[in-house]
């Protein structure tokens, strides 16, 4: 199963729900801007993520997930921080 | 009425669906309690929460029926033509505007539950297929009731046995099954067609490589915590690594597969709870790299252990398996040496006549040990020939080290007396922990092996499995990195007169070389599909389990090219 980049953004109308959604999103994705996240996931991980969010969100809330193909991810303009979209993610972290 | 005593658990309606799809699937999920969800499962769950709740009165409570022996949650109930109708929603397509058999059984079970709960007569259930927007009616009549009774009786019968049911006949079902990476259906079919071919001794078409249903690589990340004084904490869904004198680093928790804690590093109870709940492996090693403990969650599969105990208590079976494993190890060692000493390889510095002679005589010793091994009839004989071959192997390996500081004379283990042995020991320890983790995740008992005898604290079965990977995961990357001069002889090692071990810097370098090696993909010589070495460890553990679940023959056949 291949991993792909996804851009995730949400709009939650209620602070209590927002907190829960925010925490769940951080379990799968890294924050880029205040409610914009990037996620590197397989299809299964993406579906599990959406499944969890449906439970936490209400009808009036919105979720936006944009699938970025490899070329798109390479051409992302992100001046916010040191995050690197281009390079292959390291599979192992030695801290 | 079926005769149900109080100890028989009620069968979930979803499990009846699985039973009708494949009895092996039912057994793995309901009896052995192995559950794995894939993307289709999650998408289906989301559909049940999201799309069908609009404007429909849903039942939010479970209905149980002692009489039928089932329990379940009906998707929706509606009044149609003056009577109640149970609705079931499916994400996928219908079977050419008809219901799939397993879906039909499921909705029949809901009808039965609903009839008993409401006390009203129910004549039909309906299934809505969302992908092609088709609704199918399923009558709830006498034949439907009989079908349901038969299915529940079959489910209860399967619960009583410790043997896994055979694979489904229809191999197309396996492609859409979320448990395929555990069940390994195509590998099993491959093994039986291969056996048939060798029995018939037909020179005709060699068996095709099995279609790959086993994932090629582990997608989540591995964290090694080596810095003394650092601590892993949990922040809701994130794992945070705190350091004594630099800012903390956060990781999304779902992105982590394994946390390895080296030496004096900490993990909080909250983080452990999170790891246990999300299937993250946690392993503790001493600062020197020796295995201490691993987190294992839940009740291990008791049926799997029953089969393991039964099989390994049989001395003949154990001897056969031990012989095969020893053969695999020695043959891998021999092939590696042949590769290194090939005249064209250029890496071997075998200029001197005397040296060439020494190599040749040791290779001959190994070949002889191989021949003896295949006839060995006792465990002591197997261990003896394996040991002889090992000695010859290390004698040659020592000649192939091209860097003076790393020259060694044979293997020295406790303690390692030179730099090369220190590296080997550390790499073996890392590979041992990975073998143990694979065995635990497969649900085998690591304390009950077949070649090694118990001695604390190492687990014999993990040592057995390790024999397959010594050359691939330790000897090759160690010798390669030494000859490429990747090591700093001073900074990476701590040398005392009696003992040599790795410094913190050296350990980190070793970890990155080892982990890189684990990520490399190769083609399995028997199954002929490519996968990472990391996944190969788990694959071999699963093939080992198959040795005593009725489909033997694939374990310990991997060889270096």
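Numbering starts at 1 and runs along the chain as displayed.
Keep in mind that glycine also has a Cβ here, set from the backbone N, Cα and C atoms.
Please treat TrEMBL annotations as automatic predictions, because they have not gone through curation.
According to TrEMBL, the protein has these features:
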DOMAIN    B:14-184  domain 'DUF83'
REGION    B:188-214  region 'Disordered'
COMPBIAS  B:188-199  compositional bias 'Basic and acidic residues'
BINDING   B:386, B:452, B:467  Mn(2+) binding site
Proximal but sequence-remote residues of the same chain as residue B:452 (Mn(2+) binding site) (Cβ under 8 Å, at least 6 apart): B:458, B:460, B:461, B:463, B:464
Remaining residues near the recorded Mn(2+) site, that is with C-beta within 8 Å of the centroid of the site residues B:386, B:452, B:467: B:322, B:325, B:326, B:329, B:383, B:451, B:463, B:464
Long-range Cβ environment of residue B:386 (Mn(2+) binding site), under 8 Å and at least 6 residues apart: B:326, B:329, B:330, B:369, B:373
Cβ contacts of residue B:467 (Mn(2+) binding site) (under 8 Å, same chain, 6 or more positions away): B:325, B:326, B:328, B:329, B:451
Model confidence over the domain 'DUF83' (B:14-184) (mean pLDDT, whole number): 79
